[in-house]
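Q: Relevant sequence annotations retrieved from Swiss-Prot are reproduced here:
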SIGNAL    1-26  signal peptide
DOMAIN    34-134  domain 'Fibronectin type-III 1'
DISULFID  65-113  disulfide bond
DISULFID  145-155  disulfide bond
DISULFID  184-197  disulfide bond
DISULFID  269-316  disulfide bond
MOTIF     322-326  motif 'WSXWS motif'
TOPO_DOM  364-380  topological domain 'Cytoplasmic'
């Protein structure tokens, strides 16, 4: 009787396992299938790809369990995997299309459905490559993009090595919010070739991955495409600070002050670098967060000059580009100012005395004429 019950129990377990897509060799060992139809899809967004899959076989009736998936992916050659655990059947992320992509995924069954321990399926794997055309040397060289004053994006490049004069390059870009990739409409040219792009106003493009592809064409040989990804706030080059001033706080302190650069960047987003010089020799170089700097000084006779430049700080970006230096502002100590005034007033005083003397002579000459005229008539 016990043997019959045991046989019935085993048969029941087998039927349940078959129905739910799992197999069980004991009460604690359950196996689950990996996801189906795992693939990487390129929607034409220059590096922003879709990873998608279908549920494992025979899990449609597993209603009491929430199935999860562990997804790992990376560019081929990268040392680390990105890992995501999700309940969805798709995931999106950006990749470097200059390299291949590899990804793998498996199914996770939670402990509530598996007698107290999580069950993982085997891995399903896939890869994706852009079919390369042309040798690597034909792609653009020295690509450089700058977001000037957080307003205007400009990218420039040099032609590939050994390309012929008929080679021309075209730039395409995309960021989240655009329906499709757009081509540059305002190229910078040199000798008839496109060597850069001036972008239009980029609405709602901050703090998003910005994808660029520069491809090329030539009648003589294929040209290799290049892909670039960055975020605009990390390549901002602001304007330099303005309205530099000095204020003597005490006999041993001078306060340097300036105003934030013109433009849309908030004051809280700036770092500043100051360079202070004494007689063309660098005295101090400092980085500050505010628009003031107090300098300790003991020699009142020296001349001090300073310049300031700005950069977007870590509170508003991960990186940035220093602005150009501001116009130079100089201050002179008291004694030196007196000497300067003396050098100015000495020649001016001499000229003033000379003018007074000559004026006096001219005013005295008319007084001699009345005496001379009567004497002249008396002699006749």
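Yeah, the Cβs are placed from backbone N, Cα and C, and that goes for glycine too.
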Q: Can you tell me how many other Cβ atoms are located within 10 Å of the Cβ belonging to residue 155 (disulfide bond)?
A: 23
Q: For the C-alpha pair, I'd like the distance in angstrom between residue 155 (disulfide bond) and residue 197 (disulfide bond), rounded off.
A: 5
Q: Spatially speaking, which of the disulfide-bonded residues 113, 184, 269, 316 is closest to residue 145 (disulfide bond)? Use C-alpha to C-alpha, please.
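A: Looking at Cα distances from residue 145 (disulfide bond), the smallest one goes to 184.
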Q: Quickly jot the same-chain residues contacting the motif 'WSXWS motif' (322-326) by Cβ under 8 Å, restricted to those at least six beyond its ends, or write none.
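A: Tertiary neighbours of the motif 'WSXWS motif' (322-326) are 237-242, 244, 258, 261, 273, 275, 307-311.
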Q: Calculate the distance in Å between the alpha carbons (Cα) of residue 316 (disulfide bond) and residue 113 (disulfide bond), and round it to a whole number.
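A: That comes out at 46 Å between the alpha carbons.
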Q: Measuring CB to CB from residue 184 (disulfide bond), give everything in the same chain under 8 Å that is also at least six residues away in sequence.
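A: Non-local contacts for residue 184 (disulfide bond): 170, 171, 172, 173, 194, 197, 198, 199.
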Q: When the pLDDT values for the motif 'WSXWS motif' (322-326) are averaged, what is the result?
A: 97
Q: With H, G and I counted as helix, E and B as strand and the rest as coil, say where DSSP puts residue 145 (disulfide bond).
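A: Once the DSSP labels are grouped into three classes, residue 145 (disulfide bond) ends up as strand.
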Q: Of 65, 113, 145, 197, 316, which of the disulfide-bonded residues has the most Cβ neighbours inside 10 Å?
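A: Answer by Cβ density within 10 Å: 197.
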Q: In whole Å, note down how far the CA of residue 65 (disulfide bond) lies from the CA of residue 269 (disulfide bond).
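A: Rounded to a whole number, the Cα-Cα distance is 48 Å.
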Q: Can you tell me how the residues of the domain 'Fibronectin type-III 1' (34-134) break down into helix, strand and coil by DSSP?
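A: The breakdown for the domain 'Fibronectin type-III 1' (34-134) reads 3 helix, 47 strand, 51 coil.
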Q: Is it possible to list how many residues within the motif 'WSXWS motif' (322-326) are helical, extended or coil according to DSSP?
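A: Per DSSP, the residues of the motif 'WSXWS motif' (322-326) fall into 0 helix, 0 strand, 5 coil.
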Q: According to DSSP, collapsed to three classes, what secondary structure does residue 155 (disulfide bond) have?
A: strand
